[in-house]
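Report on the structure given below.
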């Protein structure tokens, strides 16, 4: 009985090479496939605006670029009150010698 159970386990187990041989068939690269996999930034922008109803309505009136900018534009998020940044004049400068003239 124990020898039969070992045979079944051997049949069910596939090595990594054997599994990859039938799971992924090699094919030549096709530039049309990459268009389906990766969306352009404009397409991602359009989809994000379509999902938010006010942005979609405004996009019909003034255009996608302006509508997206109004609702999802580059707005700085406010830091949390617990980790407030010091005022700019007291922050460490990235370029410490910026005040010297050469």
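Cβ coordinates come from backbone N, Cα and C, glycine included.
Taken from Swiss-Prot, the feature phosphoserine covers 2 (among others).
Swiss-Prot lists 3 (among others) with the feature phosphoserine, giving experimental evidence as the kind of evidence.
Taken from Swiss-Prot, the feature phosphoserine covers 5 (among others).
For 18-45 (among others), the entry in Swiss-Prot reads region 'Disordered'.
Residues annotated as domain 'Gla' in Swiss-Prot, with sequence analysis given as evidence: 27-73.
According to Swiss-Prot, the compositional bias 'Basic and acidic residues' annotation covers 30-45.
Taken from Swiss-Prot, the feature 4-carboxyglutamate covers 43 (among others), and the record attributes it to experimental evidence. For the recorded site, residue 43 (4-carboxyglutamate), the DSSP three-state label reads helix. Within 10 Å of the C-beta atom of residue 43 (4-carboxyglutamate) sit 10 other C-beta atoms, taking all shown protein chains into account.
Non-local contacts of residue 47 (4-carboxyglutamate) by the CB criterion (under 8 A, 6+ apart in sequence, same chain) comprise 39. Feature annotation from Swiss-Prot assigns 4-carboxyglutamate to 47 (among others).
Contacts of residue 49 (disulfide bond) defined by a Cβ separation under 8 A and a same-chain sequence distance of 6+ are given as 55, 56, 59, 64, 67, 68, 71, 72, in order along the sequence. For 49-55, the entry in Swiss-Prot reads disulfide bond, with the evidence type sequence analysis.
What Swiss-Prot records for 50 (among others) is 4-carboxyglutamate. Its Cβ placed at the centre, residue 50 (4-carboxyglutamate) has 12 other Cβ atoms within 10 Å.
Other Cβ atoms within 10 Å of the Cβ of residue 51 (4-carboxyglutamate) number 9 in total over all chains. Residue 51 (4-carboxyglutamate) carries a helical DSSP state (H, G or I). What Swiss-Prot lists as 4-carboxyglutamate is 51 (among others).
Sequence annotations record features per position, and here Swiss-Prot assigns region 'Disordered' to 72-102 (among others).
Summarising the annotation, Swiss-Prot assigns compositional bias 'Basic residues' to 85-102.
On a Cα basis, residue 43 (4-carboxyglutamate) lies 10 Å away from residue 50 (4-carboxyglutamate). Its own atom aside, the Cβ of residue 55 (disulfide bond) has 18 Cβ atoms within 10 angstroms in the protein chains shown. Residue 51 (4-carboxyglutamate) sits 12 Å from residue 43 (4-carboxyglutamate), taking the CA atoms of both as reference points.
When pLDDT is averaged over the domain 'Gla' (27-73), the result is 85.
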